[in-house]
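These notes are about the structure you will find just below.
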Amino acid sequence: MTKSYANIYSYNQILIVNADNVGSSQMQGIRKGLRGDSVVLMGKNTMMKRSVRIHAKSTGNDAFLNLIPLLVGNVGLIFTKSDLKEIKEEVAKYKVGAPARVGLVAPVDVIVPPGNTGLDPSQTSFFQVLNIPTKINRGTVEIITPVELIKKGDKVGSSEAALLSKLGIRPFSYGLVVISVYDNGSVFSPEVLDLTDEDLVEKFAAGVAMMTTLSLAISYPTLAAAPHMIVNGYKNVLCVSLETEYTYPQAQQVKEYLKDPSKFAVAIASVAESTATSQGIVETEEIKKEEEAESEEDDAMFGLFDD
């Protein structure tokens, strides 16, 4: 309890990790890899909960009580002062392959790939029991098509475990898995650490668009909806002006275009012509600058020969 109590005082960032099927040597490697700015703490949940309560009571910081509901099952705490995403990625590096043992719940789908197994033909009946299509090729058993042997969430049976052992397949990998993140009183999912700036901008834009749509639907002005409301209001005024004799300068110009569409075409042509002219002027100035630079280089070269 003393160690966990001291860590709570020293660190404001904590990763809550699940340690199912993690061996002692694997845990030792993780501790060594995180040594420096991070501390891995494994202990009894009751003792860790008690330490959290004592700390919250002595400091008056009730935010730490958010850790208590997370201390369930085979969990541990990683106290850190480093970037949380970097620590999460570092922990993920220490996953190791493991065989499929009888009775284990499969964390992933297990698919046996097609190809030569290297087993002799006497093993054919073993594959038939598991409904795996095979053929004999050059004196060995060959699997014809990919076979989904175990589905995620199913328990590993004795036949499946024996087959994977014969084929030398270690389908599972185990390590510390981050299940929750505590950061200065806030608790959130570890998926948040994988968000990039682009993801945040995209989600923010989607939220603004949703708020704008709602504001326009209920005619409630907001900062995001105000430009659209102004434009829609102007369109309404313009429509009234076009249908009546009431007019104003902008509406009068639209009325003239509606009476004689050729004026609109002339206006577009003049704008296009002015744009092309301005582009031509810019290109001419760039060509002149390039010619002046080339002439300066030539003068410099001839100057060397004159000396």
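Backbone N, Cα and C define each Cβ position, glycine as well.
Among the features that TrEMBL reports, compositional bias 'Acidic residues' is placed at 292-307.
Residues or ranges marked as domain 'Large ribosomal subunit protein uL10-like insertion' in TrEMBL: 100-169. Mean pLDDT, taken over the domain 'Large ribosomal subunit protein uL10-like insertion' (100-169), works out to 83 on the 0 to 100 scale.
As annotated by TrEMBL, region 'Disordered' applies to 286-307.
Per DSSP, the secondary structure of the domain 'Large ribosomal subunit protein uL10-like insertion' (100-169) breaks down as 19 helix, 19 strand, 32 coil.
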